[in-house]
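Enquirer: Found this in Swiss-Prot, in case it helps:
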{"type": "BINDING", "residues": "Asp41, His43, Asp84, Gln254", "note": "divalent metal cation 1 binding site"}
{"type": "BINDING", "residues": "Asp84, Asn116, His217, His252", "note": "divalent metal cation 2 binding site"}
{"type": "BINDING", "residues": "Phe429, Phe498, Asn499, Ala500, Thr501, Gly502, Gly503, Asp504", "note": "substrate binding site"}
{"type": "DISULFID", "residues": "Cys258-Cys275", "note": "disulfide bond"}
{"type": "SIGNAL", "residues": "1-25", "note": "signal peptide"}
{"type": "SITE", "residues": "His117", "note": "site 'Transition state stabilizer'"}
{"type": "SITE", "residues": "Asp120", "note": "site 'Transition state stabilizer'"}
Amino acid sequence: MKFLKRGVALALLAAFALTTQPAQAYEKDKTYKITILHTNDHHGHFWRSEYGEYGLAAQKTLVDSIRKEVAQEGGSVLLLSGGDINTGVPESDLQDAEPDFRGMNLIGYDAMAVGNHEFDNPLTVLRQQEKWAKFPFLYANIYQKSTGERLFKPWAIFTRQDIKIAVIGLTTDDTAKIGNPEYFTDIEFRKPAEEAKVVIQELNMNEKPDVIIATTHMGHYDNGDHGSNAPGDVEMARSLPAGSLAMIVGGHSQDPVCMASENKKQVNYVPGTPCAPDKQNGIWIVQAHEWGKYVGRADFEFRNGEMKMVNYQLIPVNLKKKVTWDNGKSERVLYTPEIAENPQMLSLLTPFQNKGKAQLEVKIGSVNGLLEGDRSKVRFVQTNMGRVILAAQIARTGADFGVMSGGGIRDSIEAGDITYKSVLKVQPFGNIVVYADMSGKEVVDYLTAVAQMKPDSGAYPQLANVSFVAKEGKLTDLKIKGEPVDPAKTYRMATLSFNATGGDGYPRIDNKPGYVNTGFIDAEVLKEFIQQNSPLDAAAFTPNGEVSWL
C-alpha cells in the first residue's frame, strides 16, 4: 500500500473534497444495516472482578448474541477497541497481556487503536502482542524518526455486505509526555487531528471507501476543554470537514460518553439507562468507559452513501450496585440481567488466570526491617511505609514532593522477602498515580488545607519531601526538599487519583491546567520501585519529625 508524503497530501486538501466518491458496490436505494460494537481502556481485565463483574467470558456471550441478532435482521457487525489493552491487572501485566489479546481474538475484534499504555513496555513486547492478535493495530500518527515512516498500519479496510468501510487509528500525542521516555528514542508522535486530514485524503484518493470511521485513543473532553491534556476527539471532530468521519470510537479519558446536554456529559451515568452519544460537526463520538464494563452498540442504516445512526446504547456487562437493606445488611445486585460466561472463553483464560496468581507469589525484592502500614499507625503518624510509597510515586513522576491519604495504606510489609502479593495487600485499590504542577502559592494553599485532616481518620496525610509546623489552621516553616517554598516557583506534586478528585476531602486538583493522569496503577509503581531499589533499608525511610501539629 502506497501512502502520499505528508506535505503533498496536505497541499491537496484544498483541491479535493473529503467526501467519499467510491466506485460503488452497494445497491442504489437499498438500506443496509451496520452495527458498530466498541470497547476501550481494557487495562488487563480479562477475568471477572471480585464481584463477578465484566470479564471477557461474559463479553463474548454478549457480543455473540448481538452478532446473531444482527445477522437475523440481515445486518453486519464491526467490533472495535479504543486501545489501552495493557497495564492495570497483575495477572495480565505479568504475562504481557497475552490472555487479553487471545481472548479478544476469540470474541472476534476487527481492529484496535494503539493506546498510550501499549508503550508501557518496550516496542519488542508490543510487536509480540501484534503477533498474538488476529486483528490489526492501527496508529496513523506515530512515526520512526530515523526513517520518517509510520510504525503501524494507519488504517484497515473492511467490507460488510457491499459496503467498503475504512477504519483509521489515532492516538494522543501526549503519549510521549506520559509514557516511559526510554522507549521513545526513535519515535515521533504527530498531532492526530492533522494526521487525520492527511489519512482521510489518502483514503479517498487510493481506497475510495463508502464509510470512514476513526478508532482513537485521545480522550473526550466536554466542549473541547482539554486543559493540560492534548486535544481529544471533540477538538479533532471540529477541525475536520463536516461529516468527513461517520463516527469516532474513542478511549483514553475512560468516560461513558453519555451526554446530559449539548457539550456536557452526564456526571454520574447509571448503568442500563439511556445513553446519548456526542455529535460534533456531523461526526458521532462514542466511548464505553473502561475495563470492559460496557459494550457500546451503535446501529446504523446505510443508504445511498449516507450513514444514519438509528440506535445507540451502552450495554453493562454484569455491573452491580451496592444495596443496603432495612436490616443493615448489604449486598451487590445487578443493574441488568446477568450475562452468562462463555465456556470456551473460560477454558482459554483459566490457565492464564491460574498462572498469574502463581506469579504473584514470586519474590520481587526484600527489606531489612518492618515497613509500617498498620491502620493504627498510618492514620496517626508519618510512617516509613508512607515514605516508600511516596518515594515510588515521586520517582515515577519526577515530582518534588508527594502527598496521599494514610487510609490508602492497608497493610505492613515484614522484614524479609517481598512478593507482588505483598504489594497488592498494601495498595489494593488500583488508584492511578497522578501529578500536578503548581505555583509555590498554590502549594502553600494546598498543604494548608491538607494539614487540616485530623489523625484517627483515613484522610490523615502521609507526606514526603515536605516539612512544616501546623498550628491553628496555619503552616509555618514550610519547606519542600529542605528549602523554603518560593511563591513564584513551580513545584510538581505526586499523589493518587483518589485524592486528586477530592477523595477524603482533599482539595481537587484534577481541574488544574498542570494536572496529568499518568495511567500507572499505584501498586505497579510501588512494585517497580522495590525491584529497582532492593534490598530496601527500612531505616532510610523512617520519618524524623519533618512535620508536626501543635
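Cβ atoms are placed via backbone N, Cα and C, with glycine included.
If you look at the structure here, what lies around each of the features I listed?
Expert: For the recorded site, Asp84 (divalent metal cation 1 binding site), the DSSP three-state label reads coil.
His217 (divalent metal cation 2 binding site) falls within a strand when secondary structure is assigned with DSSP. The local packing around His217 (divalent metal cation 2 binding site), expressed as other Cβ atoms within 10 Å of its Cβ over all shown chains, amounts to 32.
Residue environment of Gly503 (substrate binding site) contains 19 other Cβ atoms, counted within 10 Å of its Cβ in all protein chains.
The Cβ of Cys258 (disulfide bond) lies under 8 Å from the Cβ of Lys265, Gln266, Tyr269, Pro274, Cys275, Ala276, Pro277, Leu314, each of these being in the same chain and 6 or more residues away along the sequence.
The C-beta environment of His117 (site 'Transition state stabilizer'), restricted to residues of the same chain at least 6 apart in sequence and closer than 8 Å, consists of His43, Gly83, Asp84, Ile85, Asn86, Thr87, Gly179, Gly519. DSSP gives His117 (site 'Transition state stabilizer') a helix state.
All chains included, 21 other C-beta atoms sit within 10 angstroms of the C-beta of Asp120 (site 'Transition state stabilizer').
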Enquirer: Beyond the listed site residues Phe429, Phe498, Asn499, Ala500, Thr501, Gly502, Gly503, Asp504, identify every same-chain residue whose Cβ lies within 8 Å of the center of their Cβ atoms for the substrate site.
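Expert: Once Phe429, Phe498, Asn499, Ala500, Thr501, Gly502, Gly503, Asp504 are set aside, the remaining close residues are Ser405, Asn431, Thr495, Leu496, Ser497, Tyr506.
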Enquirer: Of all the binding-site residues given, Asn116, Gln254, Asn499, Thr501, which has the fewest Cβ neighbours within 10 Å once its own Cβ is left out?
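Expert: Checked Asn116, Gln254, Asn499, Thr501; of these binding-site residues, fewest Cβ neighbours within 10 Å: Thr501.
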Enquirer: I'm trying to understand the geometry here, so how far is the Cα atom of Ala500 (substrate binding site) from the Cα atom of Asn116 (divalent metal cation 2 binding site), in Å to the nearest whole number?
Expert: 21
Enquirer: So around the divalent metal cation 2 site, Asp84, Asn116, His217, His252 aside, which residues have their CB within 8 A of the centroid of those CB atoms?
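Expert: For the divalent metal cation 2 site the neighbour list reads Asn40, Asp41, Gly82, Gly83, Ala113, Gly115, His117, Glu118, Thr171, Thr172, Thr175, Met218, Gly219, Gly251, Gly519.
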Enquirer: Sequence gap of 6 or more, C-beta under 8 Å: which same-chain residues meet both conditions with respect to Gly502 (substrate binding site)?
Expert: Arg508
